[in-house]
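Straight from Swiss-Prot, the features:
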type: ACT_SITE; residues: Cys360; note: active site, proton donor
type: BINDING; residues: Ser200, Gly237, Glu274, Pro275, Gly276, Arg277, Tyr389; note: pyridoxal 5'-phosphate binding site
type: BINDING; residues: Tyr331, Asp332, Asp361; note: substrate binding site
type: MOD_RES; residues: Lys69; note: N6-(pyridoxal phosphate)lysine
type: MOD_RES; residues: Ser303; note: phosphoserine
type: MOD_RES; residues: Cys360; note: S-nitrosocysteine
Amino acid sequence: MSSFTKEEFDCHILDEGFTAKDILDQKINEVSSSDDKDAFYVADLGDILKKHLRWLKALPRVTPFYAVKCNDSRAIVSTLAATGTGFDCASKTEIQLVQGLGVPPERIIYANPCKQVSQIKYAASSGVQMMTFDSEIELMKVARAHPKAKLVLRIATDDSKAVCRLSVKFGATLKTSRLLLERAKELNIDVIGVSFHVGSGCTDPETFVQAVSDARCVFDMGTEVGFSMYLLDIGGGFPGSEDTKLKFEEITSVINPALDKYFPSDSGVRIIAEPGRYYVASAFTLAVNIIAKKTVWKEQPGSDDEDESNEQTFMYYVNDGVYGSFNCILYDHAHVKALLQKRPKPDEKYYSSSIWGPTCDGLDRIVERCNLPEMHVGDWMLFENMGAYTVAAASTFNGFQRPNIYYVMSRPMWQLMKRIQSHGFPPEVEEQDDGTLPMSCAQESGMDHHSAACASARINV
């Protein structure tokens with residue numbers, strides 16, 4: 001169990017009745033009289049802890065190894081490190097981040113089947129032994145650069161119903177798997193298990209069943225070749241928000257029987273997974289400011305009366321876009337929905353609108369068409385469920401900086417964090433509803449709080 005590290009955040013415990021939305025509104029109010037209305041995030045670390053409790057309940061046999069690539073914010077990684085999760089790292093830099101927070105190498109899997117030789121050597125020097133492969137060339141690289149590695153064979157799956165398909169690029173077929181196991185034996189490289197990934201944003205839970213069945217076949221092949229394999233990695237693909245068609249428990253209700261059938265609890269096989277968006281998607285809300293506006297008139301045929309026959313539409317330009325947080329639209333096939341920071345009047349008219357990012361690229365469009373009341377320069381829009389594959393891949397194209405992140409946590413979750421820090425993760429903790437609970441806020445960058453509203457504390461996160 002990792003304790004909290006030396007990377008410190010000032011934390012403020014708010015009085016009862018304050019919520020994450022209050023923190024967001026407070027920040028907006030603080031900058032309302034300023035010209036610097038930069039985009040920013042509010043991220044609920046308590047939501048991440050609740051996700052972990054939910055995981056333990058829904059998949060009790062499966063140890064999560066958080067996919068750092070999904071969101072590599074230090075506060076996120078540190079919070080998960082404190083809960084005892086493992087970490088799926090894809091590069092030297094991610095390994096450095098995780099180990100820099102005190103995570104031991106046995107809680108890391110280098111889950112990239114195609115690695116640079118220098119980074120394989122770095123993994124060896126840092127004590128990271130578990131790593132994936134799916135080709136003979138990778139086997140030979142590892143044999144030379146890290147002969148003591150504990151290899152996990154990545155197999156291909158049917159990910160045709162996933163939002164982001166991965167098996168086109170990664171994974172060995174069942175036929176190739178036997179050849180690779182035989183080659184690993186010749187090279188005297190230890191293969192300890194099998195991994196797969198059904199694709200990010202999986203929409204068919206039955207895909208997991210077939211993949212687990214295929215993994216069983218490869219385990220049997222390993223036994224025939226002479227390996228004693230003991231690790232099954234079921235990858236990711238778990239939803240991270242409640243606006244998806246397929247719910248988390250719908251997936252786990254299919255996975256658990258498959259695991260019990262093909263890898264029963266007395267089989268001696270350790271089971272891990274690589275959830276990313278599951279942990280962080282719903283924890284992040286992004287606030288963006290309207291920096292420019294354009295009115296467009298769409299002429300209707302058969303009339304010369306502009307006021308009555310022409311349709312008015314609006315183009316809004318905000319201070320984050322597809323080169324920043326909304327890269328998820330291009331790379332993660334995300335569909336985002338703009339929410340209003342101010343509640344519209346009941347009789348307010350709505351107009352066809354589009355939302356654009358701040359860069360000079362015409363591709364920088366966030367929402368092609370939506371209905372909004374007329375808004376103005378200086379108004380704010382909110383986007384929920386923005387924690388997955390957003391900040392990690394954001395660039396500073398055109399000189400636009402990444403948004404600051406402000407962290408919040410409910411008092412019960414804060415108290416749980418303190419217990420973890422002192423005594424480790426308590427297995428008997430139940431999920432808690434934070435709907436009306438007091439909130440606390442940790443800052444990653446420069447947010448002041450009114451002293452009357454909160455008590456100051458310090459947490460090593």
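Just so it is clear, glycine is given a Cβ too, placed from its N, Cα and C backbone atoms.
Owing to the predicted nature of the structure, the values given are computational and were not obtained by experimental measurement.
Around the Cβ of Glu274 (pyridoxal 5'-phosphate binding site), the same chain contributes Pro64, Phe65, Tyr66, Ala67, Asp88, Ile109, Ala111, His197, Asp233, Gly235, Gly236, each under 8 angstroms and 6 or more positions distant in sequence.
Between the alpha carbons (Cα) of Pro275 (pyridoxal 5'-phosphate binding site) and the residue listed as 'N6-(pyridoxal phosphate)lysine' lies a span of roughly 10 Å.
Within the same chain, residues at least six positions away from Tyr389 (pyridoxal 5'-phosphate binding site) with a Cβ under 8 Å of its Cβ are Lys69, Cys70, Asn71, Gly276, Arg277, Asn327, Cys328, Tyr331, Asp332, Ala334. Within the same chain, residues at least six positions away from the residue listed as 'active site, proton donor' with a Cβ under 8 Å of its Cβ are Asn398. Counted over every protein chain shown, other Cβ atoms within 10 Å are most numerous around Arg277 among the recorded positions Lys69, Arg277. Counting other Cβ atoms within 10 Å of each Cβ, the lowest count among the binding-site residues Gly237, Pro275 belongs to Pro275. For the recorded site, Gly276 (pyridoxal 5'-phosphate binding site), the DSSP three-state label reads coil. Taking a C-beta cut-off of under 8 Å and a sequence gap of six or more, Asp361 (substrate binding site) has these contacts in its own chain: Tyr323, Phe397, Asn398.
Following the DSSP three-state reduction, the secondary structure of Lys69 (N6-(pyridoxal phosphate)lysine) is helix. The substrate-binding residues named in the record, Tyr331, Asp332, Asp361, extend over a maximum Cα to Cα distance of 19 Å.
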